[in-house]
Amino acid sequence: MRVWTLLLLLLLLLLLRSDAVHSDSEYLIGVGSYDITGPAADVNMMGYANAEQIASGVHFRLRARAFIVAQPEGNRVVFVNLDACMASQLVVIKVIERLKARYGDLYTEKNVAISGIHTHAGPGGYLQYVVYIVTSLGFVRQSFDVIVDGIVNTVVQAHENLRPGSIFVNKGELLDAGVNRSPSAYLNNPEAERSKYKYNVDKEMTLLKFVDDEWGPSGSFNWFATHGTSMSRTNSLISGDNKGAAARFMEDWFERKGSVRMDSVGLENDGIPRRISNIIPNVHDTYHKLLEIAASFQSPPGKPATKISSVARRVRGVLRQVDKPKFVSAFCQSNCGDVSPNVLGAFCIDTGRPCDFNHSTCGGKNELCYGRGPGYPDEFESTRIIGERQFRKAVELFNGASEQIKGKVDFRHAFIDLSQLEVNLSRVGVSEVVKTCPAAMGFAFAAGTTDGPGAFDFKQGDDQGNPFWKLVRNLIKTPGKEQIDCQHPKPILLDTGEMKLPYDWAPSILPIQILRVGQFVILSVPGEFTTMAGRRLRDAVRTVLSGNKGFGSNIHVVIAGLTNTYSQYVTTYEEYEMQRYEGASTLYGPHTLSAYIQEFTKLARALISGQPVEPGPQPPDLLDKQISLLTPVVMDATPIGVKFGDCSSDVPKNSTFKRGDMVSVTFWSACPRNDLMTEGTFSLVEFLQGKTTWVSAYDDDDFCLRFKWSRPFKLSSHSKATIEWRIPQDATPGVYRIKHFGAAKGLLGSIRHFAGSSSAFVVA
C-alpha cells in the first residue's frame, strides 16, 4: 500500500510541475541576457542617417540575448540577438577574440552568429566603415564597448546556464505587422514567381521554444520580418522599437503567467503583461489617509549615491527564484528589406493623400511622404501595437509548440569577397559567368524610404541620376567606366567600395554562415534581404538540404538578417532594375543575390557531406584607424545653491493622479555619458509599502516610463532629466514617488554618483 501511495505522489508531482514537457533530451541548452544600452546623450542614432537625430534619453533599455545549443561531447552553436540596428564586423572580431581568450576554440566566428533587430533608435558609432559612422562624427568608443561587453557577458551567462533540455519549433502567420514599402519593385518580379505566394511580404513567424529538463521552459527565439522603424527619424530616445518591446512584453508575461487572471492566450485583458500587482499588495487605506501619508514625503535634496545604487533598485528579478535561470525571449530579424511596420500605408503630410506609387513622392518631393503606423500620429503607440502583435503571436506559437527538434548540431562559415566574385548563371538553357562589383550606392539611396524620407531632390526609382549631384559626387570620387557598367542600371552617387581615405568606406569581405540544430537551419546573412530575395535564398538552400535523408522531410529554414556584419540591402535582379531605395542600396551590383545563393548552396552541400569549406579572405580589423570627432564631456555643474538630484520641477503638492494620467518630474542632472548605468536604471517609480518601505515598481525597462535628458545649449555644463510616467491601467492604488539616478563629472575628471526623489503622490 505504501508503494502505491508513493507512486501516486510521484505521479502527482510530475503532473503539477509547471509547463513540464516529457522528452528525451539530446542537447545541452543555455540562454543569457545582458544590458547593452549605449550613451543616452550627444550621440547620433544608427539607422536613418539623420545627423540631427541625437540621443537624449531612454524609452526603454537595450539588451543582448543569446542561446547556446550543444551536443554533449559534440558540436555547439551560439546565436546572439542584439537590440541594435545591426551587427558590426569590428564588434564580432573583438567578441570572438575575448571568447577565445576565455574558452579557447570552443566559440569562434564559425559557430557564433551575432544578429541585430534593426532598431533605428540605438546609438551609432560602433561600426568600422566610414559610410556607417559619418553622421555619428566617427567612431564612438562608448557605443562599441558596451555592445562588445554585453555580448560577451550574454554568451558567458548562456554558457554557465548550459543544462540538459529540449527544443521545440512552431510557426504561424502574423498578418498585420508588416507591409511592403516598395510594392512597385516587388511587382517587377516574374508573375509566375509572385503567383506562388499569397502576400508581397513574408507573414510567417517561426519560433524555437527551449525547455530545461528540470525547470521547464527557459526561453524562446523567433524570426519574423518587419523593420525596426515604428519610432521615427525625429525620435531621440533610445529604444528597441517594436521587436525590443515585444521581447520585454514576453519576458514579463512569462515571469508573471499563472499568478493573475489571463485571457485565452495567456495575456491580460489589455494585452501587455505587468508585474506591479505581483510585487506589491493591494492597499486598503482610505483616500484621505493616502493623501496624509503622501504629504509626509516631500522632495528631499539630491544626495550622493553609490555606483551600484541603480542596479540594486532594478525591478526585474524580484519575482525570480535565485537559482533558476531567467527566462529569455528574443524577437529576431529576418528578410525585412522591403517590409515596413507602418501598416496604414504611406501618405503625403501636406495633402493627406497617398504618395506616388512608383516613386513615393508628393508633388515630386520625397520629403513629404511618410508611412503611418497603427497608432498614428503617436509613434510610441505604433511601437507598442506592432510589438504587441508580434508578442501575441509568439505566445500562441510558444504555447502550441509540439514538434521536437532532433538531430545533429553543425555549422559552416566562410568569408567571401563580394567586390569581385564570379557568379555562374543559368537561364533557360544558357549559362554565363558574371561578376559582382565593388560597393556603390545609387541616387535613390539618398531619397530614403517612406519610413524615413531623405532630403533635397532625390527620389526613389531614379535610374538616371542628376547632373548637379554627379558634379558633387565627382569632387569626392568619380567612378570609372568599368564600375559604371558593372553597377548598371544603378546611377552611382557614392562609389564607396573604391573610396579608401582615411580608410575603407564600405566592406568588401563579408561573412556567410549556416547554423544547424536538427531539422532547424539558420542562414546568417550580413544585410537586409528583401522579401523575394529571402524567399529565393531559403528555397535554394532548402532544395539542397531536402535531398539529404539526415534532415528528414520537415526542414525549417530561417534567415537571420543583419548578422555578423552589415552591407546594406540585397534585392532580386528584377527589383534592382527598378532602383527603388533597396535596389540603390544593393551595394555589389545586380548579381548580388545570385552570388549569395551560389555561395550559400556551397555551404549547404558541405554541411550535408560533412566536408569543410575554405575559410576565405579575412576581413580587416580597422580599430586602430578609427577617428572620433565627438566632443567629450568636460564637466557637469549645477546653479549655485542646487545639488545634483534636486527637483527642478516637482509634482504639485497633495497631488492625486488617475490611471492613464502622465506624471512628470524634472531633476537637476548630469550627462548620461558619464555612466551608462549598465544593468541599472536612470529612472524609477517606487511604491510605498506600509509606512516607511519604498518598493521598486517601474524602471528604465518599462514601456510606460521615459527618461528625457536635456541641456539649455550644446556646451552647457548644466542639464536636467525629466522622467515621465504614464500610469498603467492596472497600477495598484497607493502612494508613489519618482527617483532619478545619475553620475556627474568633476572638472578634474572624477565621477560622483547621485540620486534624487520627487515628493510622494497618490494614484487613486
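Start at 1 and count along the chain as shown; that gives each residue its number.
Cβ atoms are placed via backbone N, Cα and C, with glycine included.
Note that the coordinates shown come from a computational prediction; the quantities given were computed from them, not determined experimentally.
So that you can see what the record holds, here are the features copied from TrEMBL:
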type	residues	note
ACT_SITE	S340	active site, nucleophile
BINDING	H118, H227, E528, Y569	Zn(2+) binding site
DOMAIN	27-598	domain 'Neutral/alkaline non-lysosomal ceramidase N-terminal'
DOMAIN	600-763	domain 'Neutral/alkaline non-lysosomal ceramidase C-terminal'
SIGNAL	1-20	signal peptide
Can you tell me how many other Cβ atoms are located within 10 Å of the Cβ belonging to E528 (Zn(2+) binding site)?
29
Between H118 (Zn(2+) binding site) and S340 (active site, nucleophile), find the distance joining the two CA atoms and give it rounded to the nearest Å.
12
Work out how many Å separate the residue listed as 'active site, nucleophile' and H227 (Zn(2+) binding site) at their Cα atoms, rounded off.
5
What other residues of this chain sit with their CB within 8 A of the center of the CB atoms of H118, H227, E528, Y569, the recorded Zn(2+) site?
Q333, C336, G337, V339, G527, G561, L562
Which residues of the same chain, at least 6 positions away in sequence, have a Cβ lying under 8 Å from the Cβ of Y569 (Zn(2+) binding site)?
G337, G527, E528, F529, T530, Y581, E582, G583, S585, T586, L587
